[in-house]
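According to Swiss-Prot, the features are:
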type	residues	note
SITE	Phe13	site 'Important for substrate specificity'
ACT_SITE	Asp70	active site, proton acceptor
SITE	Gln71	site 'Important for substrate specificity'
SITE	Glu155	site 'Important for substrate specificity'
Amino acid sequence: MTPQLILASTSVFRQALLQKLGLAFGSCNPDIDESPMTNESAQDLVLRLAKAKTKAGATHFPHGLIIGSDQVAVIDGKIIGKPLNRENAIKQLSQASGKVITFYTGLALYHAETGEMNAQVEPFTVHFRQLSAAQIAAYVDKEQPFYCAGSFKSEGLGIALFNRLEGRDPNTLIGLPLILLTEMLLNQGIDVLAD
């Protein structure tokens with residue numbers, strides 16, 4: 001019997017992405033401490049948090065197949081997460097203006113019953129346009145990207161902030177790498193293309 005698919009996230013963006021695959025799924029709030037550890041790299045951080053989210057989800061769904069995802073950006077060698085407010089969003093976008101920024105998304109798929117864990121990091125690179133302070137403020141006020149790593153929504157007006165995007169899956173930038181997820185699901189016997 002196929003275990004129930006659970007998204008360990010309350011993100012409406014991740015839920016909307018997962019719905020694209022046409023699979024029935026539930027969701028839960030993983031409620032974990034997302035603080036980085038001392039000297040932890042961005043890749044290690046998102047991998048650890050994605051795994052932790054699946055394990056937290058498994059406490060609610062002990063027979064589930066749990067999906068966990070986490071994302072950060074790196075600007076000038078510093079890990080950047082969600083801005084949480086207008087001031088921080090403007091600061092993040094000002095720092096990113098004219099630069100090439102890499103986003104790292106950790107994706108984990110955990111079979112709670114068997115203990116099998118598959119976790120990987122998917123990078124995605126963004127080339128920001130040179131942005132004026134007025135453009136940044138106008139964007140932040142229009143889209144209020146306070147709960148998005150890097151302070152933008154690439155699926156919306158945020159696309160106007162960029163010169164170029166580089167990566168295997170544009171969904172990665174929104175927070176859930178669907179190409180990688182479909183590969184992981186296939187390894188669990190779930191083919192999203194099957195009848």
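From the backbone N, Cα and C atoms, a Cβ is placed for every residue, glycine too.
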Glu155 (site 'Important for substrate specificity') to Phe13 (site 'Important for substrate specificity') - Cα separation in whole Å: 10
Cα-to-Cα gap, Asp70 (active site, proton acceptor) vs Phe13 (site 'Important for substrate specificity'), nearest whole Å: 12
Most Cβ neighbours inside 10 Å, all chains, among the recorded positions Asp70, Glu155: Asp70
Structural state of Asp70 (active site, proton acceptor), classified by DSSP into three states: strand
Protein Cβ atoms within 10 Å of Gln71 (site 'Important for substrate specificity'), excluding its own: 30
Rounded to the nearest Å - Cα separation of Gln71 (site 'Important for substrate specificity') and Phe13 (site 'Important for substrate specificity'): 12
CB contacts for Phe13 (site 'Important for substrate specificity') [other CB atoms within 10 A, all chains]: 16
